[in-house]
Structures are given as C-alpha cells and as structure tokens.
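Data first, discussion second: the structure below is written as structure tokens.
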Amino acid sequence: MMTSNILSRFLPPNGSPSVYETIRQHDNHSDASDVEERAGMAFEDEHGDRFSDRELEDALADAGRDDSPGPSEPFLPRSPPTKRDEGGFLKAGSRRRKFSRSGRIHAASPRHKFDDSDDDVPPSLLVEGDQDDDDVLRSKLPPPPRSIDPPNVEPPPRPSPRDDRVHWEAARDRLPLHDTNRRAHHASLWSAGYPNLALVDPKEKALWMWANVENLDNFLKEVYTYFLGNGIWSILLNRVLSLLTFAFVVGFSIFLTNCIDYHKVRGSRTLDDILIQKCTKQMSMSATFLLWLLSFFWIGKAFQYLLDIRRLKHMHDFYHYLLGISDAEIQSISWQEVVSRLMTLRDSNPATAGAVSAKHRKFMGSQSKQRMDAHDIANRLMRKENYLIALINKDILDLTLPIPFLRNRQLFSRTLEWNINLCIMDYVFNEQGQVRTLFLKDTHRRALSEGLRRRFMFAGIMNIFVAPFIVVYFMMHYFFRYFNEYKKNPSQIGSRQYTPLAEWKFREFNELWHLFERRVNMSYPFASRYVDQFPKDKMVQFAGFVAFVSGALASVLALASVVDPELFLGFEITHDRTVLFYLGVFGSIWAVAQGLVPEETNVFDPEYALLEVINFTHYFPGHWKGRLHSDDVRKDFAVLYQMKIVIFLEEILSMIFTPFILWFSLPKCSDRLIDFFREFTVHVDGMGYLCSFAVFDFKKGTNVISQGDTGRRDAARQDLRADYFSTKDGKMLASYYGFLDNYGANPRSGHPSTKRQFHPPPTFPTLGSPSAIEMGNFGDRPAAAGLMGQQSTYGAAPRFGPAGMGDHLSPAPSMLLDPHHQPSASGFRSTHRANPYPRYRASRPPPTISDPIEDEDPPAGKGRSAVKSSPGVGSSGGGIGTSDSNLGESWRMNLVGDEVEEEDEGGENVDTLAGGGGVLGLIQQFQKVNQDNRGRTTVGI
C-alpha cells in the first residue's frame, strides 16, 4: 500500500494521458511551415505536404478511369526534360504545395485549367530546388476533363479505412507526390558532383555548409563557442588537458586511498615500504565499481571529442575562409568584429537552406537581408539564458532552504543551476531550441504544472544517487588545485568572488558571457576595497595582536635557525615537532592575520567604493538608496560577494541540500513558472519565441521601457500590473543601455564611444569625487560623471546624434544593427550620456549638500526638453547650474532644461548653434556663465 502511494505521486492518474504524450502529439500535429507554430525556422521541403485520403482516392479513381491518352492529349503541351547544371544540381525550384492546391480546385471545378504558371516565380529569381517538379507531376497525371460530368453519374461509394490505407500505399508507390527523402537526394547530388570531399576546395565546402544551415541557433552557438575557445588548437588542447586532469584526479585519489599502508609510514624510510602490492585486486566492490564507471565515462568523453574534431575543422574553415579570421587572430579580435563579418557574409549570401521555408521563399526572395544582426544574434545565443535572468530578477524561483533554522537563506549553486536547466528549460524548449507552443496556451496549465512538479521530484531522487561521487571528485580536485596556492600565499584563503546567484542578478538581457565577465571582473578591485575598509575595528585590533605574537615567535625561530641551522632545525620544541614545523605554523598565522589588517594610509570611505561597484555591476536595489553606509547594506553585499572557500563549501553542501530544494521549495512555484513562460513570451517573425524583456524596441528607445498602463483609473491596480509586467531594479533599462554601449557605437561614423574604461582604484578618493550625500542619497540612480562625478565638458558631445549625423562613410548610428533595429533620432537623443556611467541617469543634476530636495518626477514636457536641450543632462552630473544670488542663496539651483526653455522664448537655442557640443558649445557655455553668474558657478571639466 505504501509503495502504491509513493508511485502515485510520480505517475499520472488513471485515464488521463501523460503530459509528455500531449506535448509529443502537439509537436507532431504542428504544421511544419506555420510561422507561428514553428517560429519560422522549419523547412517545408523536409516534412512535405499532407494529403488526405479522399484526395488520393480521387486521383487514383481518375487514373483508373482513363489510363490511355485521350484524343486531345497529343495537342497538350509537354513539359521539357529537367535540366541540370554542371555540378549535378537542379537549376531552380518551385513550390510543392501547388499540386495539392490545384488538386482541390480541380476536384471542385472540372473546368479549372491545369496551367497556373502565372503564380510561379520566374526561374531567374529562384535560388535552389527542383524547377520542373510540377511539370513532371503533370506528365504523370491523367489529363483534365474537357466537359462537365453528366449529372446522373453517382459518386463512388466511400471505401473503408482499410481501403484508404491500401489506396495511400498504392498512391505513394505510383505517384511521387512528395519526395520524402529530399535530404538524402541532396546528399547523393553532392556526392555525384564531388566524389571525393578531400579534393574539394575548403572555401567552396565552407560556402556550401553555410548555404545549407538548417538550425541557425545551433550554428551561431557553435560560432560563439569557437570564438570563446580561441580556435581549434586551443579547444583541442583544452579538451586533452581536461581529460588528463580527470584521469589524474581519479587515479591519484585511488592511489592515495587504496595503495598506501598508512600504518607503516612512521617507521618506514622508502616508498616501497608503505606501498601495497597489487592494490587494485584488494579494492572493495564499491571502489571497483566506481573506478569502472569513471573509466567508461572517460572513454566516452574521449570518443566524443574525437568525433567532434570534424565539426571543429568545419568551423575552422568557416572562420578562416568565409570570415577571414585565423586562429592567431581570433585570440585578439573582438566579438563585435565577428558580428560585423557575419553580417557581411549574410549580405553576400542572402539565403540559407534551413532558415527560409519553401512557402516563404517567394516573400524572402525580395528581401536582401535576414534577421541576423547583433540584436538577433544575441537573442538566438541567449534564448534560454534570458528567461533564467528574468526568473531570478522577478523572484519566481523559490530557492529557500526547507530547513527550520535556515528558511530565510537562499541557496543557488552550480549544481542547482544544472538541475534547473534540466527540469525547466529542457521541459519548456524542444529539440530545435524553440519554446513549445503548448506552454503558450492556458488550456494545459494544470497538466504542465503537474508534469513540472514530477520532474523536480525525479531530479531530486537522481541527485541522491549521483551526489556522493560528485562530492568526492570535487573535493579532491579542489584540494589538488588550491592547496599549493594557499601554502605559498596563506592570505589568499580570504580572497572573495561573486556567488553564482550574484552573477545571475548582475547579468543583463542579451549580454553574452564574455562581455558580462569583462564588466564584472572590472568591479573586483572596488568590491575588495569596499569589504576591506568597512568598519571592523574589533576584528582589526584582534588580528593585529595575533599578527604581533605570531610574528615575534616566527622571527625568533628564524633567527635561531640562521645562527646554527644544522643543530636548530632538527631541534624538537614538542614531541616529534621540530623548529621547522612551528616556523611554518607561525608564519601562516602571521600571514592570515596580517591580511586582515588594512593599510594605515587607507582613507575610510565605503560609500565611494560601493558606488564604484554599482557602476560596474549595475545592481542597485531600491532599499539601498540613502543607506550605503549602513551595516544592512554591507550584509546584503557580503551575501553576494563571499570568500572562495565559503563558496566551495556551499557547492559541496548544495549537493546534499539540492534534493530538498527540488522536493519542497521549487514545486511550490511550478504554477508561477508555467504562467511566466506564457505571459512573458513574444513571437518575432524569423526569430521564433523570445523572452519579452530581451526584445528591445530601438525605435521608441527608453520610452517603451517605462511599462505600465497609465490610462487606468485605479492607481493601485495600475501599480500592481506595472510591477508584474516590468523588471525589478531597472534591469531592462540597464540592459538596453548596456547593449547600446557594446554594439551601438559606429567606429566608422565618427561617434565617440562612452563605454566605461577600467582604471585601477586609487588609494583614496580624489578631491574631485562627489560626496556620499551627493551621489548615494539623492537620485534614482548613482550619479557619476567625468572623473568621479562632475560631468566633464570635454568630450561632452552626445554620443549619438540624429540619424545621418555620422560621417560620409556610414550614416547609420550602428554598423551592427539592421535598419529595422536602428534607433530613431529620439531614441538616440534619449541615450545621450557623456559620462563614463552611461546606464543610470538621474532626473536632475546632483544637488549640493545643503539642498534637501526630495525625489520627484518632472513633467513629461520638461523632462523631454531637458534631455534634448543639452548633452550634459544625464545621469548625474554636474551640468551647468545658475544661482539666483551671488551671496547667500548660492545653494539654489535651476535645471538646465528650465533655463533653456526660458531662452527659447526670447532667443536662439544654444544647442542648435553649438550642435550639441564641441568648441562652439564650450565657448557659448563659458560666455553664459560669465555674463549671468559672474563666474561663480563652475563648469565641470
């Protein structure tokens, strides 16, 4: 009875089909050529058209009635023989659905003429396929009737389903209505044209493979993986070394645990005295089974790597011959340049066999480009990752530990991340990498949710069996890798890094891994600076005392060993513990304690360091605002930035706690997960189904990111709806700005880039750095510009002018975006950020310390004019302010937008004259300051 109750939790109830069977049937019944169903990625020629049994029955009946040619048949036009080119390929193609369409029309109207060549595409515009397929079919079909059948002729009786099956088999043998082996046919043509692939020009072969790409997502992932691997030889070397590392860890661990007699170590002098002869024969059954299991795994990986060499060679040829990038150059070239060359290759080869279906080839034939610019490539590469970023940002996943004293603590490790991808992503996405359309309908919500719960349960059970082996391997690997490093530099034991959960919180939509890694790595010096200098006076005093005592003892022992090394090094201070042993112990204690004591010359300013971290990580929760100095913020940041040894211990413990999270925590949010994929998935023609947050509307710019229905009367309902359908902490806005920073600049159009450059952290804040009140306590985002906060006037021209403001080489603002993705003039004007912190913009320049103003949203008209009036109005910064008094009221400040509005009433716009910046703009600004303010307000330079 207990066994049946346990199984009933994992098995579906009686009489209801499995959710996997429903998904499989839905995928099989989906029309392969439907853009909405198959996301525009299906290739119709692979699947063929579906003919009903009635149509085939009518065709067979017509063929049986009139097998001999009619009196008028000799006068019918005959189709010419199929022509082939020199390579053995058919010259042109035609659509195969025309026969089924004409068959239906012919059955409904016998007077319909068979010739519908007016709907055909001219042969000169066709790219590939069989040109005369329809002519061949017409030659094999009976001639069309010349008169209407007599009205007294009764239709033949409908046969039984068994007869329908017989007719279907006969029709498939007699009438080649569809070539079911089209891919094999192309392979035979290729083999006939090129009998020996080794003799084919590698460039021609690479072009042929590029033209026959069927799954663009997988192909671009291979391109990106090859780019990250730095070429074929680096990838092969990495794989060989990984296999050798795995073999060494397993072999050395077995040697240490089974081949040494540790009882004989104390009295032995040589290694042979403690070795166990033929130790493998004396191993236990569990150790033997584990060794065989790991050996088979190693052999399987080696065999997989050998088979993958052919694919790597093809990718090498693609990079070398089509993109013009060698293995030596790939290590230093940027991804933006690779994207640019991919777009150039796409333009020179407009059609691929797998990306455009036969049904839409006529429409795509008039288009010179496909959906494959920087935005589309990022969406294809991060189709799944964008969903996971949104899930973590919106706190959909319940990652709390189901333990009474740890219920408020979240656990997210690499092991749990792998299980989430296995349980959720592999469940939602099909084999082609597209979202299953069944998840986009609310009709199967309950069944899909129950299926997801069962996947969590099953994954938890599997983790119980796999966890012991993984724990042992990772512990040995970590010990072998980091012990020598900690031995040489004991202070490294306190080094920190971001946790896996912090990385997913920091990562932005459509941000590839290497770009994210570069951005986060630049924040490490400032993060360490913040953690090290935060108030910890008690610990510093205690560490100083320990360092003093241990250093004194170590120095005395070291001095004695220098005086008489032969006698003193063998001297035992305690039983079997010599001076050399205690010298190592005291030296290690001194190094660790000294690492906890900060430098005496450090200036205490944790808010400044944390603001620098925020400028790189783009993570600034709302409850941190105005509280950067508090201990609560320090604790929140310490959870995201932990010591490496703690992260490793959490990884080991997560293998024990992951089953409990999969059993008790994640099943609670299965309904929300199914609703999330249904409500935050949009369809893009030619791209498929994407996360709605990852589809940037460049034409509207940042205006579209301010989500929420402003037309509703119920404010509470409006706020709830806006919060539900928007991201937290400005994630989408930061992603939009980050994407423009990475891909928006056109190096050939003369637009300067404002991407934040990395500089090592100074030992103390400079005099030009803003105060904590100025940067941390006011504004919606950290305000920083210029050097450390004052907006620099040099180079203050807007990064992007209106469309067409570039030089004559390329008027487009970005070379890596197609015309339909080019931001409009207003969209670019809204992204004028002439400071090195381009992603966070306050609604006003930073106030002075004595200006206790509150955050308020400016009117739409004023905010828009402020953005258009001066490039200096940005996230934060100094800008040009005017004082109403020269003496006691210098704390009052007018916004640049208000000042420009007043000038527009009686004079010309300065921005119009100066063109948004440059020397003329600087002169005009200095003249304005000297005339109106008598030189008291400064221009941040």
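Glycine too: its Cβ is placed from the backbone N, Cα and C atoms.
Taken from Swiss-Prot, the feature region 'Disordered' covers 1-164 (among others).
As annotated by Swiss-Prot, compositional bias 'Pro residues' applies to 71-80 (among others).
Taken from Swiss-Prot, the feature compositional bias 'Pro residues' covers 141-159 (among others).
What Swiss-Prot lists as transmembrane segment is 240-260 (among others), and the listing cites sequence analysis.
Under 8 Å from some Cβ of the topological domain 'Lumenal' (261-286) lie the Cβ atoms of residues 254-255, all in the same chain and six or more residues away from its ends. Under the heading topological domain 'Lumenal', Swiss-Prot lists 261-286 (among others).
Taken from Swiss-Prot, the feature transmembrane segment applies to 287-307 (among others), supported by sequence analysis.
Per Swiss-Prot, intramembrane segment is recorded for 456-476 (among others), and the stated evidence type is similarity to another entry.
Swiss-Prot lists 542-562 (among others) with the feature transmembrane segment. Residues 568-569, 579-580, 582-583, 586-587, 589-590, 593-594, 596-597 of the same chain sit 6 or more residues outside the transmembrane segment (542-562) yet have a Cβ under 8 Å from a Cβ within it.
Through the fold, the topological domain 'Lumenal' (563-577) approaches none of its own chain's residues that are at least 6 residues removed from its boundaries at a Cβ separation under 8 Å. Annotated topological domain 'Lumenal' per Swiss-Prot: 563-577 (among others), in sequence order, evidence recorded as a curator's inference.
The transmembrane segment annotation in Swiss-Prot covers 578-598 (among others).
Among the features that Swiss-Prot reports, intramembrane segment is placed at 645-665 (among others).
What Swiss-Prot lists as region 'Disordered' is 795-889 (among others).
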For the transmembrane segment (578-598), distant same-chain residues with Cβ under 8 A (at least six beyond the ends): 489-491, 493-494, 532-533, 539-540, 543-544, 546-547, 550-551, 553-554, 557-558, 560-561, 568-572
